[in-house]
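Straight from TrEMBL, the features:
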- 209-352: domain 'O-antigen ligase-related' (DOMAIN)
- 7-28: transmembrane segment (TRANSMEM)
- 82-99: transmembrane segment (TRANSMEM)
- 105-124: transmembrane segment (TRANSMEM)
- 131-150: transmembrane segment (TRANSMEM)
- 185-218: transmembrane segment (TRANSMEM)
- 244-267: transmembrane segment (TRANSMEM)
- 340-359: transmembrane segment (TRANSMEM)
- 379-398: transmembrane segment (TRANSMEM)
């Protein structure tokens, strides 16, 4: 990563202000505490961005872009362009030939904006310590908002029996998030933030973040996220210390995870095997969605159906397919890899895998020992590992306004910046590599 000491425009203070504004925009949003009992939750058009949200989003993007353009490291914006430009160009092409081109064009624009924001985001703090401090403040504000809802707005912060879409979640905490699964995933990432804050800025603040996050996580009922928190910490520890396991953990691990999850829904013998292990082979009723998605993908494997032009479209929800399966009413495919294949075909999936799996592995392989074992790199690796595995059960890739997607993006850029710092260091003094530290 670029030297934090050289980052930021001295005296202006625009960086920290923009950093906090963007953090709170993603982690709290302008519309917290969504009412899930209204009939609008069943409408495919529900949840569309309101005018205020659009204005704030564009304003933050404009401010971030201006900050980045005038920054000494502006060449890092939207890198690696050799991959991203063809990938976004392909997304635009498959959207233009889809049944809903305007939905796709809007989604691609939002995705590019989020990527540009993320590529500039880590240029805003003046130091690693300031980054940890702002991360701590933002996370504590988020946690305070979530707990405020539990205490003072329980009908909007705890799932209710009166909810139309998933009344079976009654009693589970969601805070200001729209769903318990979103809350659970956010709390896992917040716990990673807490561990980083403990190491770099304040042990007390870090412990508070970890405790508050874990307690909330336990009340969300998110079994997968609860299990993945300790699992990812162990996996990240192995990833950091045993170099030859890195490719098997990422490529093999993600592949096997998706094989056992999605594969068990499509291939009955594999599903029976997973069941024999004592695992729910439906993965909480996701199996019907995955079978339906695979059937649809088989009909259009090259160009897919266009960005945002499959799930929750009028013709899918109201086309009569619910007689055969309820999956036509699903909000998404509950698998990021399957969803990107549905939207952009196999070429889109391949380019996405190169960006989110292969390039980070390359960047990590280039790190010097001192940077490789630093708390900052450890944070980026933990978040990256968690979200590439969580993507096997949830849809988060290329969701422009999704806090997990934005956090994932800036951690991808964090790994890239760390790698660039090592390469710069090697060119400047190849014989003076710093000693490793933990």
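For all residues, glycine too, the Cβ spot is worked out from N, Cα and C.
Just so it is clear, the model here is predicted, and its values are computed rather than measured.
Nonlocal intrachain contacts for the transmembrane segment (131-150), taken as residues 6+ away from its ends with a CB within less than 8 angstroms of a stretch CB, comprise 4, 16, 19-20, 23-24, 27-28, 32-33, 122, 125, 156-158, 173, 175-177, 183, 186, 190, 193-194, 196-197, 199-202, 205-206, 208-209, 212-213, 216, 376. Against the transmembrane segment (185-218), stretch 379-398 has more CB pairs under 8 A than any other of 82-99, 105-124, 244-267, 340-359, 379-398.
Taking every listed stretch (82-99, 105-124, 244-267, 379-398) in turn, the largest tally of C-beta pairs under 8 A with the transmembrane segment (340-359) is reached by 82-99. Secondary structure of the domain 'O-antigen ligase-related' (209-352) per DSSP (helix as H, G, I; strand as E, B; remaining residues coil): 105 helix, 0 strand, 39 coil.
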